[in-house]
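Working notes for the structure below.
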């Protein structure tokens, strides 16, 4: 909450707090800005939003009504920080950029680091993107186009092409003077890269290491020879993994020939990690598109319906299993009352296992060395918890329908289903991962099919056999 | 994959690769180390594991059998980097620490930054912790105890108590010389903190800013006056939010009086963000404890069973809804076959909404200004997708059971349930959040209760009324 506390302190007392206690944007503040916009009161808009951090400005843009967004940009004029666009949802960004004049956008992006500029441009369609690029200087355009040529979600897209590089024969003193005297260095940097004349990366020197060295030392004497590097074509998730694993704050990005082409910064990696975790979570919840909370109704509905239809197919499949036992149910309706319990408990237990497995796969915590142990563990956990749930469900069902036999049958079905749930809760994600599918996306639907089918079949089948009812 | 590629390059050709192509620990490598341990071959263990990065060493420890772990530490002796213990699961860490002599641990922790030392000590029980602390020097013990006194999951627990501070009247040149001449500065730092004699924080100077300034400038002239600071008692998640929002790499931690007590580093924040996303994901999957994949069967089963029992209660509740319609089902068994479809589709659609809502709450993207819009959107999405699913399910069910009326009834029930699913999928997390409960943990169970109940009741109720069957 400190950040918010400070924002409050920085605001004069007669102003509205921009964030509530919980760190959310204050509705009062947003309304104030919207009112100033509707009155075309440029001075008031500057007062309220002229000095915001890019991140707060981004939140404000999202909170405003659709039509007020371009007006805010116009009213703020030169004071609008385009970096704020890196903080808003894709839908909002694309819509807003389409409504602004290409010259305004090109002008606003002049001061951005290349990674922010690429982030803003990459989701536009090519025609819009080209219109903006045309308004830029040749050098800027070349640098941005080169980044945009790397595949989506690659390190090349996320990297910043501005960095500080020096030859190995410079002294520490020389570099320090160079940094002090040179205009146009990147806004922020944490290390100096040491390169040969062809820009092949020889090593790096972190700033704290530079400061600790004598001025007379050569860079070649103090450089770290094998810094962790990222290839521009590497996936951003692999880059994030390397940052996490080796506690990096920045890393050189090199091309196929080992030449330095950019630098990845940890703040971008934070976004990648958040995005990645988000994707897994949404995928497990059946939200598979790149839906955002600012999306309109139709778009949201359309992006969610395929998943529902897939599930509908599996629901019909489990219904057909029940259909096999129509005659059985007709003779003993209690079975219809109890059968969803067995199926749903299997689903719950299986989801527990699947969640752990999917997350462990995402963080590379499952491998050849422990997969077998995990399969054994999950099956045994299913067996143990199956027994516990079986005792409870058996007693309650037995008492409810005054039939110890029915209690025993639902108990047996429960154990069976929870063992299957544990086994398939881990086998399905492992199998999908082995076949190079994303286990977060489709494990759930396969798992439900298994737990519903096994749940209905074991319970109804056992009952039908024991009470000599129905088809078998 | 770059990191792995390098690890490979760094390994002499006759050695085994420690990681597979996918970035997981190689089973061959782990077996090699296990063999060397079982043969007490210290030289071979040093060869294989003596130079590992702390993160790789951590993964190796987790991959080894329980009994081999303390042996690895002994065989590596002085070359065992205790920082590796920050990279392993809590269960593994606690067990391993309990088996090592307190002197060994105290000795090994001497070289660690304070945040790593606290991380390693915090999960031990107090007796074990005190035994280790006793072996340390007074100054170390005081610093660690002070951090450990802050609440669990607070910024004070995660901070590093080593930092570089300077008074405002020093010149840039003076600081640079001080850094070059002083032994015992922290391993890594990205900024210099400017403090008054009472250690009250006056501002900060990032290293790149320091390097850009003339040697003769005073720190007071170049310092950033209002750096984002974190209070030691703040929750680590709030600190993470501030790092993300304002793209920080380190931040001063201050006590209630505004005195500088430590510094938070972005690599620890990466772990916090990962942890936080992990918690949400597990909670949604019904894994509520702090279970880890290295946990044994019994522990895992015990931590998962409460969630299953809660779900069992709700399953019985929905079963009791079905029980109301026993007479209806007896007369028309097709209802029993179809009813799980309505309930399960409601569960799926509701989970989609709930997932989006829980995540948006976690990242503070829902607030007063958009909650109403989201409730409207989710209800409308439920209506639209309800109609689409209703058409499909109505046609198939109608054809299957040769009854257009049955098709119409299941269609109507489907629309009803999906509207409720959308509405409650958002209202439940919002309500729980308002009442200060974690929406990720319990939204699911309430939601299933709603979608099952509404699903069974609307379908069976409509059928019973239309066909004049059963109780109503």
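Glycine is treated like the rest: Cβ placed from N, Cα and C.
Database features (TrEMBL):
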{"type": "DOMAIN", "residues": "A:223-279", "note": "domain 'CBS'"}
{"type": "REGION", "residues": "A:1-20", "note": "region 'Disordered'"}
{"type": "TRANSMEM", "residues": "A:305-325", "note": "transmembrane segment"}
{"type": "TRANSMEM", "residues": "A:380-401", "note": "transmembrane segment"}
{"type": "TRANSMEM", "residues": "A:407-432", "note": "transmembrane segment"}
{"type": "TRANSMEM", "residues": "A:444-467", "note": "transmembrane segment"}
Residue numbers, six or more beyond the limits of the transmembrane segment (A:444-467), whose CB comes under 8 Å of its CB atoms: 284, 286, 310-311, 314-315, 317-318, 321-322, 324-325, 328-329, 331-332, 335, 338-339, 342-347, 349-351, 354, 405-406, 409-410, 412-413, 416-417, 420-421, 424-425, 428, 432
Chain residues outside the transmembrane segment (A:380-401) and at least six past its termini with a C-beta under 8 angstroms from it: 334, 338, 341-342, 345, 349, 353, 407-408, 410-412, 414-423, 425
Per-state residue totals over the domain 'CBS' (A:223-279) - DSSP helix, strand, coil: 25 helix, 17 strand, 15 coil
For the domain 'CBS' (A:223-279), mean pLDDT (0 to 100): 90
